[in-house]
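S.K.: The feature ATP binding site is assigned by Swiss-Prot to Leu287, Glu288, Thr289, Gly290, Ala291, Gly292, Lys293, Thr294. Residues annotated as Mg(2+) binding site in Swiss-Prot, with similarity to another entry given as evidence: Glu1576, Asp1672, Glu1675. Residues annotated as compositional bias 'Pro residues' in Swiss-Prot: 75-96. Taken from Swiss-Prot, the feature domain 'Helicase ATP-binding' covers 274-413. Marked as domain 'Helicase C-terminal' by Swiss-Prot on the basis of sequence analysis: 629-789. What Swiss-Prot records for 817-912 is domain 'Dicer dsRNA-binding fold'. The domain 'PAZ' annotation in Swiss-Prot covers 1163-1296 and is backed by sequence analysis. What Swiss-Prot lists as domain 'RNase III 1' is 1320-1498, and the listing cites sequence analysis. Annotation comment: Swiss-Prot describes 1538-1686 as domain 'RNase III 2', evidence class sequence analysis. Marked as domain 'DRBM 1' by Swiss-Prot: 1712-1775. Under the heading domain 'DRBM 2', Swiss-Prot lists 1797-1872, citing sequence analysis as support. Marked as region 'Disordered' by Swiss-Prot: 71-97, 129-188, 221-262, 577-604, 901-928. What Swiss-Prot records for 358-361 is motif 'DECH box', and it gives similarity to another entry as the kind of evidence. As annotated by Swiss-Prot, site 'Important for activity' applies to Lys1668.
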Amino acid sequence: MAGGGGVGGGAGEHAAAAYWYDACEDGASLLCGIDFAASADFDPGLIPAMDTGADDGFVAEIDRILESINAESSPAPPPPPPPPLPEPVPVAPPELPIQEKQLQVASAPVANNAVAVVGVVQRSKGVVARKEPRRESHGCAANGGGGGEWRDGKRPRLASGGVGGPRQEWRRRPMLPPPPSRGWDDRRGRRDFDRVRKHEHHRREARGFWERDRGGKMVFRSGTWEQESDREAKRARTQDGGSMEKKAEADRMGAAQREKPVAEERARQYQLEVLEQAKSRNTIAFLETGAGKTLIAVLLIKSVCDKMLKENKKMLAVFLVPKVPLVYQVLVMTAQILLNILRHSIIKMDAIHLLILDECHHAVKKHPYSLVMSEFYHTTPKEKRPAVFGMTASPVNLKGVTSQEDCAIKIRNLESKLDSVVCTIKDRKELEKHVPMPLEVVVQYDKAATLWSLHEQIKQMESTVEEAALSSSKRTKWQFMGARDAGSRDELRLVYGVSERTESDGAANLIQKLRAINYALGELGQWCAYKVAQSFLTALQNDERANYQVDVKFQESYLKKVVDLLHCQLTEGAAMKSETSDVEMQNTEKHNTNDLEEGELPDSHGEHVDEVIGAAVADGKVTPRVQALIKILLKYQHTEDFRAIIFVERVVTALVLPKVLAELPSLSFIRCASLIGHNNNQEMRACQMQDTISKFRDGRVTLLVATSVAEEGLDIRQCNVVIRFDLAKTVLAYIQSRGRARKPGSDYILMLERGNISHETFLRNARNSEETLRKEAMERTDLSHLDGTSVLSPVDTSPGSMYQVESTGAVVSLNSAVGLIHFYCSQLPSDRYSILHPEFIMQKYEKPGGSVEYSCKLQLPCNAPFEKLEGPICSSIRLAQQAVCLAACKKLHEMGAFTDTLLPDRGSGEGEKTEQNDEGEPLPGTARHREFYPEGVADILRGEWILSGRDGYQNSQFIKLYMYSVNCVNVGTSKDPFVTQLSNFAIIFGNELDAEVLSTTMDLFVARTMITKASLVFRGRIEITESQLVLLKSFHVRLMSIVLDVDVDPSTTPWDPAKAYLFVPVGAEKCTDPLREIDWTLVNNIVNTDAWNNPLQRARPDVYLGTNERTLGGDRREYGFGKLRHGTAFGQKAHPTYGIRGAIAEFDIVKASGLVPARDRGHFSDYQNQGKLFMADSCWNAKDLAGMVVTAAHSGKRFYVDCICYNMNAENSFPRKEGYLGPLEYSSYADYYKQKYGVELIYRKQPLIRARGVSYCKNLLSPRFEHSDAREGDFSENLDKTYYVYLPPELCLVHPLPGSLVRGAQRLPSIMRRVESMLLAVQLKDIIDYPVPATKILEALTAASCQETLCYERAELLGDAYLKWVVSRFLFLKYPQKHEGQLTRMRQQMVSNMVLYQYALNKTLQSYIQADRFAPSRWAAPGVLPVFDEESREYEPSIFDEESTGCELQKESYDDYADNMQEDGEIEGDSSCYRVLSSKTLADVVEALIGVYYVAGGKIAANHLMKWIGIHAELDPEEIPPPKPYDIPESIMRSINFDTLKGVLGIEFQNKGLLVEAITHASRPSSGVSCYQRLEFVGDAVLDHLITRHLFFTYTDLPPGRLTDLRAAAVNNENFARVAVKHKLHVHLRHGSSALETQIREFVKDVQEELLKPGFNSFGLGDCKAPKVLGDIVESIAGAIFLDSGYDTSVVWKVFQPLLHPMVTPETLPMHPVRELQERCQQQAEGLEYKASRAGNIATVEVFVDGVQIGVAQNPQKKMAQKLAARNALVVLKEKETATKKEDERDGEKKNGAQMFTRQTLNDICLRRQWPMPQYRCVNEGGPAHAKRFVYSVRVNTSDRGWTDECIGEPMPSVKKAKDSAAVLLLELLNRDFPDKPDGKQP
């Protein structure tokens, strides 16, 4: 945020934060630890939000001190903790049995004294046992069948307890008894062979493995891949800086050292003496620097705290410090922070119990200490005032005292101000023991000769710059002098801490630099002045902000002249002569610092220095003072542990002296650095200051050149030398700087100019004043002698001196008004081209008698509520400024620009405020914030009639119901007869459905080449008896139990009246009586059959089929993983648990043959001759089986019977697997069933049944077929291969439901899903009460996660734009005085997702939303409970992830993963009545509803919906304010070419003031014209709405994603900026920034080059970053047209449609290079990574794909550099793809031949040589989700030579590629090891 300049200088970029501290970076943290609850008036929300950071070091230090104090009363200190033992190396314990493992986990000990610390994760540090990962076989064929793989790291599934259940330990699953033999004569022998092979596998593994080195060559490595990987990782860690174990050990030792108690620091006697007095009364502790005043304050806090705790009261203690650096040592806040808090009434003075003031001598004049006491402490009743404790090294902060009486008066003033008594110690022996006094030495130097010529030339430059500044601006002499000398700059920094941006005024900044150079020239010499000028010039050239400042070139040209003028060199040749150096060093050792008492250096050193720089002193290159300093420093070149501080007055001296001293070889023993504070132009950051102090402490720096910042507060190491290069200005500075020399035997050297009377007088007064102050303090024991002598000046509380808000108590006074106005200007919206600040225009009035008075006119920036205000006539310039600023503050508060706390209003007047969530929880309105909501059911479906027929329910009357038939029309054709052979159904409801529901046609995606359009047709009203209803209900339950696979009993199933309807079968013929259309015969047969007694007929058992083939029927996806619903997986030789889905298992673990009923061979020949077949439970006529459903007794699967194959029986050979060339596994079908299921077929001569599996009920509303244009000719071939299976009749049970009935019923759940959704939409439509089609409302309620043909995303896009426009228009018109920043924040609070989410909850929209993909298994049909979908979503982390160290941590990681991965609608339990919705979904639905209402009914309908939802954004006509009058100067009107603008826009403005405002930038000096920011605010919303509407209605079939891309390409600042350049709107821009002019010129040049390219239009994706201002003026012109046309958006579109031409289209839509590269890498499964770095003003971005750099780009903007780098990477990848394609074309024949090495090639070799299939193993899996990498190994058993060596492939982005890489390596190994070709062919 830019700041203000004006009289008081500019406000800084971080003015908002700086307001709360004096140039401090972590201001808000200063309030941490304060119990604001002690004040009932405190409102924490009033403190502005900012980044905070607590000073943990200080808190730890206080704890340590208090512990040491408490230790005095304890019997004996606790022994120090033993040093930590080295962490033992993890050792894997032996594998425990399952029961022992579980017991071990359950009985983990918990420490009794464990303490739970919030925010701290406690980890156990015991021995961590490594668990051996389980290896699980997946389909490994016994005879080389299908191959297989060994893959480590697969964790077991969760137990049946679900998410919250315990995890299973890592162990091998207990194997169940094996089935009968299946092809080998000796199965036990086969297992022994496998065991031997595994042993050989591991033996070979221990030998080594093959892999490729970096050059691509095959290399053999010993051991395993994991061991080699660990060795490489350790080598890499060692190269990076040592062993990680050593580093960890060092960290542990360091932590132990830190935790070890330091030597006890006990309070000294004199500290306790002062403490006792402070406990009884307000006290000012007068003690030397280093005497431990802070400890006394801490002890006082502890004492008061203990007292308040005993009284059960809350305490608020405030520790104040005068400067920011002190905060980092002694807490809590600077005085300015407390002053601001009190002034803005955030807390009250009576809420503070203890007030501690460090360095309290600053409480004079207008210092914050003084203002806190005078404005708030003394105005508070005495009984409510806090206790005060002040600390100082000198109660008088002046040049000294003249007498004992003068000293007493000054101390009285301080005591009165602080309402305290000065206290010091009388016995100084203990103090002198701990704080030794240094030896004070005076060194005199000669006065410097003045270089008049150079001085005059620099002064002349200063005068020239000042005159140029005056001539370039239209300000008066008084105005400029006021800006420079009125003193407001100091007040601004002191009061509000707003960093002054003097660069904003290039002339004033340059004058300051020239004055600093001139000072260095006179005080330090020409050489030093040259160094200063050179530093200024270098800093200016390297400053990143220099590109955006107005007068940079102007400053640079003058500084170059000064550098050339002062250029000189300084040599030190004489000092390096060896013949003199040795002698001088020896002589130096003979002297000590005692020789300096007389103020003269030994002659030998004087001669030596004269040889070194004597000529330079004579020439004026170095002054005698610098020469004397060098002499002093040379005296200490052999001093052991030398530490020194040189105190200087000016910052320029502190900056240049280290450079001077560093260039003198004779002072090479010194390592010098600067230490400056914050209150200067060359600010030193706090982190840099602490770093310098740290270096000084550990010896990397031995000499500090410091300003007054080092005099007090900072924790600087004890020094043995302190040099006052510039004499102190006050007694306090004299005492405090001396206190830095606390080391025994140290020297305090004062440098005095020879013959300077003022220097000698000050030194004499300082010495006398110190003694006088100490004497006076000892005599002051109470305040009784002060009665009637108080000199405290009363606070000016006259009405004109302050302004107070009655409601809050906030106050602004003359002292704070100027700073508050500057702070307000810094908070106004601005950019880097405009630095907003107030301007003061002074008017002088001369009165008779020679007196002068002044008045001040205040001019605020152009985007303030008012621009000019004239103040009253006052006696001084400063008072005139204060008076006008105070009046401005009052006016701003009355206009609403200030809140009631007198802080700038940020725009919180409209909408709901942001709610604060607990830490770590996602905020409402975000996608991650999810909650459970009940599923909505339409009220029309409710019916008590569904409860008829229950026990005890008597009703003899007819029940009146409504019947609707399901009408299905097929679109397209299909050769599959099962798709079209369906039964007809009707649905019975208790209420009549809405006509819109009947008119709705839903698409059911039943086949790849056919879609069924279903709808409901009203058949009529029916009346049925209770007995008929019971029969229909039983049929409904039986039907749905089969469709949904739920085992329920019609007599016991519960019915819910909230959802009352029934499915009934109907005949094909229509009848006049709809009741007769029901197929009652079918209903009776199905309900009354005895077949339901067999559990296999009621629901499908969950069994493992032992294969992944779909030829056995059923759903491959469901059974392919061999996992049952209870989390149990089985191998090939295991038997499953037969569990009824949706119910409790009724069978134990048994052989499959146990379910097959007993059969008899007796009458087989007779029945065969009669055309009957022996089924599992009865005999059936073969002709009657066609179309029926049969249940396989051996597996529990159900099948549709297609036909009877009389030419096949069970003795036919079993078909070979596709692609398998090995020996036959099963000789016949009978052999297959015997080996596979243990079933011995009896009727082997019976013909087989050709059947197709009955699939689960599917979601037919979602398009399931990607390729709808598949060739119909391919269907029959795929059908035969995929779906048909041949079953022996004796293993089949005939199901009571016909096949056509089941297939027809499987469509009913999808149909009712859409019907129920439509009923909810109709219900919501009736509630909203506006005629909009219910189908449109349903579209707005359906999320994309449903994966249906309906989706709200397009409507949401339109509704979002319309909502933004309506709210923007409302705010713009309602608040004409608020600026653009306030309006933007208010709009955000009205349209944010969090607010819309609350609106949705208020209207219970969560009950109407369809957000989950329809799953029939979870659908709640009437009378049938839903079941949980068995697809597991468990989290299976890789073994290469970090192992968790406890059960709690494992559960937490799973929960986090589930939260992140869960989508809308997904639930974690068995429930269909609740679903999970993100709060963002609810907010999106609100916008989508606005969109559909706008489409259906325009603005009126959309506004009606917004009003219903709770968004009030309409103004009554009488509330709309009249147009703002414009009084634009004639000179401005003449400067604008209105005719040209009329030609470009095609419209003439009625109010030309709007157009002038639309093209005026904030950098333009205010002259009665506002800037365009408010017009840009409303214009941005208008254009966004109009362009979005155009795209929405133009491209009606465009998917939401593409429509969003079109909108983003059309509505962006880059595109608008190019529109401005294309139509030359930029030439009319009124601004006052040369930097902006340069950027516009460069951008125009680039755009003109782009436009020359044929057909080129980047739509904002060009290579040149556009200045935001250009896009802003396009939006502001749109806003001006909108207002000038009477708020008519059609006029705006009429103007801008040709301006925006050519509009982006789907064909011309450019994809952002970053997105294009991201999508390409995702499609190719390649890892993408960006690495960014910055060097100066240039950002560099590198692009890596799979770890290889393929693109790089540089640009000042990081985003632009990323875009260019992505574009370069795409070019490289496309060129690479083209080259690869050409190479493939050239070598196509070779690649298509036998030499193309893949896994298939390796499999073919194994088949031909009759080897077992290759064994693959995953050896590594890691990396982030977007850059996953897999490493696989492979080996093969060659039978004759045993196992091959393991071959490790390269890291690949997919498992397939990783296996291929390993296979290629193994093929190369086989080619090398076998003399003949591996494929079996002889060479």
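Cβ coordinates come from backbone N, Cα and C, glycine included.
Could you tell me the structural context for the features on the list?
M.R.: Cβ neighbours within 10 Å of Leu287 (ATP binding site), excluding its own Cβ and spanning all shown chains: 21. Under the DSSP three-state reduction, Leu287 (ATP binding site) is assigned to coil, being neither helix nor strand.
Its own atom aside, the Cβ of Asp1672 (Mg(2+) binding site) has 26 Cβ atoms within 10 angstroms in the protein chains shown.
Across the domain 'Helicase ATP-binding' (274-413), the model assigns an average pLDDT of 75.
Residue counts for the domain 'DRBM 1' (1712-1775) by DSSP state, with H, G and I taken as helix and E and B as strand, are 29 helix, 24 strand, 11 coil.
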S.K.: Looking only at the recorded stretches 629-789, 817-912, 1712-1775, 1797-1872, which one has the largest tally of CB-CB distances under 8 Å to the domain 'RNase III 2' (1538-1686)?
M.R.: 817-912
S.K.: If you count Cβ atoms within 10 Å of the Cβ of Lys293 (ATP binding site), leaving out that atom itself, what do you get?
M.R.: 24
S.K.: Where Asp1672 (Mg(2+) binding site) and Thr294 (ATP binding site) are concerned, what is their Cα separation in Å, rounded?
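M.R.: A Cα-Cα distance of 55 Å.
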S.K.: Among the recorded positions listed here (Glu1576, Lys1668, Glu1675), which has the Cα closest to the Cα of Lys293 (ATP binding site)?
M.R.: Lys1668
S.K.: Out of Glu1576, Lys1668, Glu1675, the recorded positions in the record, which is closest to Thr294 (ATP binding site) when you go by Cα distance?
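M.R.: Looking at Cα distances from Thr294 (ATP binding site), the smallest one goes to Lys1668.
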S.K.: Any idea what the Cα distance is from Lys1668 (site 'Important for activity') over to Glu1675 (Mg(2+) binding site), rounded to a whole Å?
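M.R.: Approximately 11 Å lies between the Cα of Lys1668 (site 'Important for activity') and that of Glu1675 (Mg(2+) binding site).
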S.K.: Helix, strand, coil: count each for the residues of the domain 'Dicer dsRNA-binding fold' (817-912), based on DSSP.
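M.R.: Here the numbers are 28 helix, 22 strand, 46 coil.
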S.K.: By DSSP assignment, list the helix, strand and coil residue numbers for the domain 'RNase III 2' (1538-1686), in that order.
M.R.: 97 helix, 2 strand, 50 coil
S.K.: What are the non-local neighbours of Glu1675 (Mg(2+) binding site), defined as same-chain residues 6+ apart in sequence with CB under 8 A from its CB?
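M.R.: For Glu1675 (Mg(2+) binding site), the qualifying residues are Leu1575, Glu1576, Gly1579, Asp1580, Leu1583, Phe1616.
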S.K.: Residues near the Mg(2+) site, Glu1576, Asp1672, Glu1675 excluded, by Cβ within 8 Å of the Cβ center?
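M.R.: Sorted by sequence, the hits are Tyr1572, Gln1573, Leu1575, Phe1577, Gly1579, Asp1580, Phe1616, Gly1671, Ile1673, Val1674, Ser1676, Gly1679.
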S.K.: Going by DSSP assignments with H, G and I as helix and E and B as strand, what are the residue counts for the motif 'DECH box' (358-361)?
M.R.: 2 helix, 1 strand, 1 coil
S.K.: For the recorded positions Thr294, Lys1668, which one has the sparsest Cβ surroundings, going by other Cβ atoms within 10 Å?
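M.R.: Checked Thr294, Lys1668; of these recorded positions, fewest Cβ neighbours within 10 Å: Lys1668.
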